[in-house]
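Copied over from TrEMBL, here are the features:
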| type | residues | note |
| --- | --- | --- |
| DOMAIN | 6-224 | domain 'Cytidylate kinase' |
| BINDING | GLY10, PHE11, SER12, SER13, THR14, GLY15, LYS16, SER17, THR18 | ATP binding site |
Amino acid sequence: MKKITVAIDGFSSTGKSTLAKQLAKELEYVYVDTGAMYRAVAYYAMQNQLIGSDFFDKIALIQALPKIQLEFKFNADLGFGEMYLNDENVEKQIRTIEVSNFVSKVAEISEVRSKLVEQQQEMGKNKAIVMDGRDIGTVVFPDAELKIFMTASAETRAQRRFDELQQKGDDVSYEDVLKNVVERDYIDTHRADSPLVIADDAIEIDNSYLNREEQFAAVLELINDVVKTV
Ligand code: DC
């Protein structure tokens, strides 16, 4: 069967990664979570005191970019690649609310974006890939055979993220999570370089009232239709 590129973009906490992982598993495609890459750079900046609640040394971060090595290493138990920053598994560290608070600022920097986009294009050069992010259908793979754009209300998304963080034992309030979701939406959609926009040829899915199974079935059908035509 012909292999394609599936680009999944959309707002934060719309379940992009859950859907992308399910699809990659079903199709035996590679799954790439590009948000994890931006998160790992933000985590590096935090660890090296380049970013904090009242400072951000962008120049120092840009200068440090050649020292930031990102790699997905496949974890057979999980069925997908985990994010390694300079050979350290940082999957847990990059999912905290602190990293979520800083990551949009890091993702605004053009030098960061071009480094990561180049790496993402390399990972997808042989197709058979499901990649999720904000600019996959617009910048990384503008020729992707299928582009999905996912949305849901800010409240629905905040509730999902809040439940996830609570399950992990993170002591956060729903109000803080909602604030973070709204702030990130603003920064992601207003940044000068590659703002979050829906590609002209993307299919929009609002999953506020769709469950995972319904959404998975709908997108799988779309993929099967596309594969027949390429
Ligand atoms: O998908 P996520 O919430 O893990 O993404 C983290 C942040 O990274 C998000 O605020 C926007 C940014 N991002 C981006 O700018 N471009 C991408 N392709 C993926 C993520």
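Including glycine, each Cβ sits where the backbone N, Cα and C put it.
Keep in mind that what you see is a predicted model, and the values were worked out from it rather than measured.
What TrEMBL annotates, mapped onto the structure for a quick look.
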residue : record           : Cβ within 10 Å
GLY10   : ATP binding site : 27
SER12   : ATP binding site : 21
THR14   : ATP binding site : 25
LYS16   : ATP binding site : 26
THR18   : ATP binding site : 14
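Close to ligand 1, meaning a Cβ under 6 Å from one of its atoms, is not one of the binding-site residues GLY10, THR14, THR18. The secondary structure of LYS16 (ATP binding site), as reduced to three states from DSSP, is helical.
Compute the center of the Cβ atoms of GLY10, PHE11, SER12, SER13, THR14, GLY15, LYS16, SER17, THR18, which mark the site for ATP; besides them, the chain residues with Cβ within 8 Å of that center are LEU19, ASP132, MET150, ALA152, ARG157.
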